[in-house]
Amino acid sequence: MVKHQPLQVYERQLCLSCITGIYGCRWKRYQRSHDDTTKWELLWSFILLFTFFLLLVWFYFWWEAHNDYNEFNWFLYNRSGEWSDGTVPILATTAAGFTYIAFLIVLAFCHIALGQQLNLHWLHKIGVTAALLTTIVGVISVNQTWGQEWDVIPISLQATGPFLHIGALAAITALSWIVAGQVARTEKMVFQIVVVLLYVGVLLALYVVPLYITSPCIMDPSTLKPRPDVIGHQGAPMLAPENTLWSFQRALQMNVTGLETDVAISLDGVPFLMHDRTLRRTTDVEKVFPDRQLDETSHFNWTDLQQLNAGQWFLKYDPFWTVHSLSPHEKDLIANQSVCSLEQLLKLASYHNTTVVFRLRRPPPEHPRYNSWINDTLHAVQQSGVPQSLVMWTPDEHRAQVRQLAPGLIQTSVEKRSPQSLLEYGISRLLLRYNRASTQEIRNFSGSNINLTLYTVNEPWLYSVLWCSGVSSVSSEAPHILKKVPYPIWLMRPDEYCLMWVSADLISFAVVIGIFIFQNYHMIRYRASGMRSYNPEQIMLSAAVSRSNRDINVMKEKLIFSEVRNGVGSAEELCEDNDYDYYTNRGISQ
């Protein structure tokens, strides 16, 4: 006796077709499979996952490095000699690559959830490889040219860590639906144990991560120190050309408590403000002195420097993308700015009773002012009439002599030393880059009556972290932005944070347990009903006469995509047209 079962005609599953088609170019029903993923495809899945996490870190790094984009562009300028915003192509490619890889990750999880075999298309494999190699090259390049910037990651985690933890916990908790489904469906005990242990290990690690999250903003609000003073770094360079009088005036309009600049010595002994070692970036020296455009700044006398325009470059290159926000009057003022002398800046500071800190660059050995550079600077300070108590003196050379000639100057160091060492040398202030002082060191300096200033702080989140750390003042290129930060972005008591993460862990644990119980209960009921697990995507055709694979595939397509109007009869006609029996053999018994 021969038992027969009618072939079934299935409806199209557009969503599944899109998932498998986009991921592995398996658009047709007979191309899909519920078989185990091959080892080769598993390897590519791990490569895809690694690329995703690497791009995630890379994307996070550039997102938080926004505080120092101008510094990065300056590094590029020193290498290429041409000014451009190098962050734009990096951000564009990073965002595109991360979006692409994240999309593939989502499709891969959809495959797992639906029980489909992973089979990444070769074009996607090329794309993943390109994204991985490009990111690795970018990491190596940044490490070589801008290695100090990696510190922004642990520093930024002090502001974002508690919230990233909640986000990661939510993602892993949601992933439990897929994990529980895989464990419930599989019949391999070893696979179940491995998957469950791996998932539980990751989950438990996330549960205890808050024990290692430290942030100065997790504190008693009553112990919060006063708002740090803001010093205009090169004035307000986002609103006006750096180191020009208009830039410092704009900074003073933002209620800064001090001004910071860089000073060079001209050929005839006049201290003037200039950050670069050449005049090409911030003046029109190429137009006025084309044969001397690569000369060092100190090789120009003050008469030559006064002929240069120090503002038009700002309107041309728009280094901070802020020119569009300026009024026509401001643009006219900027277009007519010239090189500023130290004496001019000190007179402006004296008028507004504002502190000035400057880093003095010694001329090269062949310079006529090589030995008199300290005296030339002290002479400019005295000529300006500024009170010595408003000037922060940073050069270590001849510090004892300077203290004798101008005892009222605020002795400031730009080299990191212990508080005891600074006090022994009579130094009361310290100027460091923001990544060179930890929260504990900031508090140690504060407890030793050392006034610590950190630069360059442009982002509110960084300003908030340093505020909670207890820093005395910050130097900023964006005083107009920090002016709008009257209080730390977030501040949380330790007991409140403890309650937050314990509650999140308990909710996550309850949800995960509930999902695993639901998935297993559903599968037990399904199996108890007597239904056998089968693959609705596969249509097995057993014919009396062996046919080629091509014929079988054509028959599958006809069965799947034909319009059936009369139920089983139509399917039977299809079989007869192709010389197939309408019924397939299910078993033969005597």
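Positions of Cβ are set from backbone N, Cα and C atoms, glycine also.
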For which of the residue intervals 126-143, 450-467 does TrEMBL record transmembrane segment?
126-143
Sequence-remote contacts (6 or more beyond its ends) of the transmembrane segment (42-63), Cβ cut-off under 8 Å?
87, 90-91, 94-95, 97-98, 101-102, 104-105, 108, 118, 120, 125, 128-129, 131-132, 135-136, 138-139, 142, 149-150, 152-153, 156
What stretch of 90-114, 126-143, 163-183 shows the most Cβ pairs under 8 Å to the transmembrane segment (190-213)?
163-183
Grab the same-chain neighbours of the transmembrane segment (499-518) for me: Cβ-Cβ under 8 Å, and only residues 6 or more beyond its ends, written as numbers and ranges.
162, 165-166, 169-170, 172-173, 176-177, 180, 183, 203, 207, 210, 492
